[in-house]
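As annotated by TrEMBL, region 'Disordered' applies to A:1-27, A:660-695, A:720-741. Under the heading compositional bias 'Polar residues', TrEMBL lists A:1-10. Residues or ranges marked as domain 'Primosomal protein N' 3' DNA-binding' by TrEMBL: A:36-135. If you look up TrEMBL, you'll see A:Cys437, A:Cys440, A:Cys476, A:Cys479 marked as Zn(2+) 1 binding site. Residues annotated as Zn(2+) 2 binding site in TrEMBL: A:Cys446, A:Cys449, A:Cys464, A:Cys467. If you look up TrEMBL, you'll see A:666-684 marked as compositional bias 'Low complexity'.
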Amino acid sequence: MTPTSRSRPQQGALLDLPATAPQAVDGEGVSEPVARVVVDVPLPHLDHTFDYLVPPAMASVALPGTRVQVRFAGRDRSAYVVERRSDTDHRTTLAPLRRAVSPVPVLSPTVLDLCRAVADRYAGMLMDVVRLAVPPRHATTEKAVLEKHAPGALVSRVVDPPDSQAWQAYTGGPAFLRHLAAGESPRAVWTALPGHEPVPGAALSNGSASVESTVEPTVPAGVLPWPTSIAQAAHATLASGRGVLVVVPTTRHVTQVVDALAAILPNEPVARLVADDGPARRYRAFLRTLLGEARLVVGTRAAAFAPVTDLGLAVIFDDGDDRLAEPRAPYPHARQVLALRAEREGAAMLVGGFTRTVEAQLLVEQRWAHPVQAPRELLRRVTPRVEAPGEVELAREGPAAAARIPHPAWRIAKEALTTGPVLVQVARGGYVPVVACARCREPARCRTCHGPLRLERAGAAPSCSWCGRIAADWACSTCGDTRVRATRVGSTRTAEELGRAFPSVPVVVSGATADHGVVETVDDRPRLVVATPGAEPVARGGYVAALLLDGATSTSRPELWASAEALRRWLGAAALVRGAEAGGRVMLLGQPAPVPAQALVRWDPAGFAARELAERAELSFPPAVRLAAVQGTPAAVRSLLGHLEPLDGLEVLGPVAVEAPDPRTEAPAPTRRPRTGSPRAAARPVPPRPLVPEPEVRAVLRVDRRQGAALSRRLAHAAAARSARKEDGGVRVQVDPPDLW
DNA sequence: ATTTGTGTGCGG
DNA sequence: CGCACACAAATG
């Protein structure tokens, strides 16, 4: 691995000085007295290395990978040493390092190389990526970990490969594990089967309440919960003496994977890298990874950069979850980070999920990864029977066809509740999250801020979901009517209705809203579980049935990804239900779009992904092509586009005005600090900052996928040229923007 | 951002 | 000519 420690040439045509011959530096006894560093400055044209002199006192501390402080443009800035050398290409005398912050080389050459690749791919700055990769230092934790750490005690335990039963359910599965165990680096896109933890005792005792279960369903070998399958792949990789990194969307997923690893590899330490754990625990887990104390690392998106020693396998699960995309510049996606990493470090990769994302489909079609999925016959047995009755079928059943929960759905729930738990997936949380005028159906809005009104609980007056004001004397601005009706029904109200219909069955609500938290698990007793997508509790032994309400709500969104996202959510819920062989049933309701609905009924996420990708190729949409969005004030966007060097086949769409920022998500007024401490600031005329932020525009750049790297390079150059000229008005450059259309 | 270097204009 | 101020370039 070659770290990219070479000083990059000055950006653009601004400064094309003849390369100065490296000059030896007299270090007064210090060997390699030059520290090449990356400095934390937010200016794109300064996104390269700088050389400093290492004072004798820091000679053995300021080693490559360590944090230091340097004087830069008159201020102390934090920086990382990326290289130590004995010469410099800088012409004038070097300034000394100010302070060695810590002796721990937190930025390893491998991770630095990855950060550079990610920055390049996303047209961003190296330091922005490094900030994502290296968690903030926690001094007391660092001291504690270093004191306890005994380098000699690191025993690379030899692990035997997993038994040959593992992954047998999947075509190509055993081969995948075999290659991992042999130290090779296969890549797979894995469509996971629903698997359920067996109910203790149920498989053995035949005195179950279920009368007709004379035939005990035989769960085929290898149909296991997804975290267990991942643990088996990790096991195989450990057998080759290499480390494993697993990245998942949420803390909840992390816990599931950590538990599965503990069950299969009880003696193997696991590092849990989750930002939610807080600075101390997060930094401790990071250091344990860095020191090689844990070869198994599990975490959320930032963990994609974890310094796993000798990485053998990178895993990402449920890669369609938007929480795997980093919200800070340069907005890298964990799937992409891991893919770059697998290539650069020669590691294997596993992209898994119940659905198959369009991006994963592209990896398959490019032959970058092999598909790993179950044969049709097995799939039919272990997935639930799914129905998506159309209006015609429902009308045959009786007059209540248009009801949110039509008669056939009630019947499924009633039958299932005699045996075990039933899941009801509802698109929205809360009680009645959106109301409209009862007469003209115009959405009801707040008189003060024009936010949408909702009902927070039974019998409550409507209130604004943006500002919280109670709209006690609301009247429709269109027709004057004072009555409201529900346009969306949330999980709380749904639970209320279901509770009335099944008074003898307990009802559980799970969701990320304030009223109630996310419920992790439920047992196998009869119970109604109402949950929003992603918050479905795992039921021991699997749900007997699931009702997926609000089908249209999830597919009618205008975004490009709406139907793929709907299918992902439906499959996520349906995968918690027992297989058809064990009586599991799913009903999809609420007029969903037919294409994703049929993909669910046939349980064919790969077919859906192939069709979706073909369609996007036809329309020149990503990921079939590479897109980048450039957003900012009109002048700033225009200037950035003006600085772009020509690129074959580059299409520039727009710029067009972007819709007004949403007052819910937009911070109030970004009060600019007047810097009271500095007398200079008072003397300088403050540029007038508009009270109302200037409206922004966005341009979309489109190129062939093979030109993607060239586009990113040009965007980074243009941003550097702009910042070098101190052109103000920030522009946000986003490669692979997730939220277009 | 902040510092440093260079150019310009005006008073002496 | 000398100095203050403005602007541009560089930041090690």
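Even glycines carry a Cβ here, placed using N, Cα and C.
Using a 10 Å Cβ-Cβ cutoff, A:Cys479 (Zn(2+) 1 binding site) registers 12 neighbours. With A:Cys476 (Zn(2+) 1 binding site) as the anchor, the candidate binding-site residues are A:Cys446, A:Cys449, A:Cys464, A:Cys467, and the one with the nearest CA is A:Cys446. For A:Cys467 (Zn(2+) 2 binding site), the same-chain residues 6+ apart in sequence whose C-beta sits under 8 angstroms from its C-beta are A:Cys446, A:Thr448, A:Cys449, A:Gly451.
Local packing around the binding-site residues A:Cys437, A:Cys446 was summarised as the count of other Cβ atoms within 10 Å of each Cβ; on this measure the leading residue is A:Cys437.
If you measure from the Cα atom of A:Cys440 (Zn(2+) 1 binding site) to that of A:Cys464 (Zn(2+) 2 binding site), you get 20 Å. Here the C-alpha separation of A:Cys437 (Zn(2+) 1 binding site) and A:Cys464 (Zn(2+) 2 binding site) works out to 14 Å. With the fewest other Cβ atoms inside 10 Å of its Cβ, the least crowded of the binding-site residues A:Cys449, A:Cys464, A:Cys476 in this structure is A:Cys449. Counted with DSSP, the region 'Disordered' (A:720-741) comes out as 5 helix, 5 strand, 12 coil. Mean pLDDT, taken over the domain 'Primosomal protein N' 3' DNA-binding' (A:36-135), works out to 94 on the 0 to 100 scale.
Summary of the Zn(2+) 2 site environment: with the site residues A:Cys446, A:Cys449, A:Cys464, A:Cys467 set aside, the chain residues having Cβ atoms within 8 Å of the Cβ mean position are A:Arg445, A:Arg447, A:Thr448, A:His450, A:Gly451, A:Ser465, A:Trp466, A:Gly468, A:Arg469. DSSP classifies A:Cys464 (Zn(2+) 2 binding site) as strand under the three-state reduction. Note: the Zn(2+) 1 site is recorded as A:Cys437, A:Cys440, A:Cys476, A:Cys479; in the same chain, A:Ala438, A:Arg439, A:Arg441, A:Glu442, A:Ser477, A:Thr478, A:Gly480, A:Asp481 also have Cβ atoms within 8 Å of that site's Cβ centroid. Cα-Cα distance from A:Cys464 (Zn(2+) 2 binding site) to A:Cys479 (Zn(2+) 1 binding site): 20 Å (rounded to the nearest whole number).
Counted within 10 Å of its Cβ, the other Cβ atoms near A:Cys440 (Zn(2+) 1 binding site) come to 12, all protein chains included.
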